[in-house]
Amino acid sequence: MNAIAIIAASGIGKRMQLPGGRSKQLLEIGGFPVIHHTLKAFEDASQVTEVYIATKADNIDLLQDMARSAGFRKVRHVIEGGKERQDSVWNCIRMISDGHSGAGELPDAILVHDGARPFIRPEEIDDIVRLSVESGACVPGNRPKDTIKYIGSDPSCFGATLERSRLMQVQTPQGFRAGMLIDAHHRAAEEGWYATDDAALVERYFPDYPVRIYETGYHNIKITTPEDIPVAEAIYQALL
């Protein structure tokens, strides 16, 4: 069983309020860039054989040098991302498909992960690969701690309260059988249809394949706002 991982690392951190369009993946946690921790997890995952990174054009050489100096041998390609996250993932998928076009050359699974989620564990990655191959698709998540409400037709008022026991906060890496993800992205590109995560594409184009839930703890956070930095430092220390 083997998988290729796509790391989406093109975000410029608008909500992080970083000057000059600096990438949040390059912020340091525990003395290393966020994306260093991300790449190390996939380097240590036994089921992952290759890693593709989509990033800003200005960061391509920097990330290639970082991977080389850290000894991350699984990093095969660092390419320019697209306008939207989905475009960045599609750029990588096309490269994977072109490079593994022979009969039987596709990996068993493709994983898509946010570059700004540095604390996924290698054993969790391997579990997601296994469940993706078994079920077709597998997405990690955890249960919300807060009550979730709809916003009403009047955006200043709540509309309804959702049943919290039926909700999950979705994370990455999201895993899929390779052919399924490639086909879903290809069809979405043809239609010009965009979603906020890759699982939504598979749900749309492969409705007969329910997406498997893989429940994680609360360590697999995404670095998004300034308040996440001290939380990330605490998680890093706890995981040492």
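From the backbone N, Cα and C atoms, a Cβ is placed for every residue, glycine too.
Predicted, not measured: the structure shown is a model, and the values here were computed from it.
What Swiss-Prot annotates here:
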type	residues	note
SITE	R15	site 'Transition state stabilizer'
SITE	K24	site 'Transition state stabilizer'
SITE	R164	site 'Positions MEP for the nucleophilic attack'
SITE	K222	site 'Positions MEP for the nucleophilic attack'
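Shown in sequence order, R143, P144, T147, I148 are the residues of the chain, 6+ apart in sequence, with a C-beta less than 8 angstroms from the C-beta of R164 (site 'Positions MEP for the nucleophilic attack').
Residue environment of K222 (site 'Positions MEP for the nucleophilic attack') contains 18 other Cβ atoms, counted within 10 Å of its Cβ in all protein chains. The DSSP secondary structure for K222 (site 'Positions MEP for the nucleophilic attack') is coil.
Here the Cα atom of K222 (site 'Positions MEP for the nucleophilic attack') is found 10 Å from that of K24 (site 'Transition state stabilizer').
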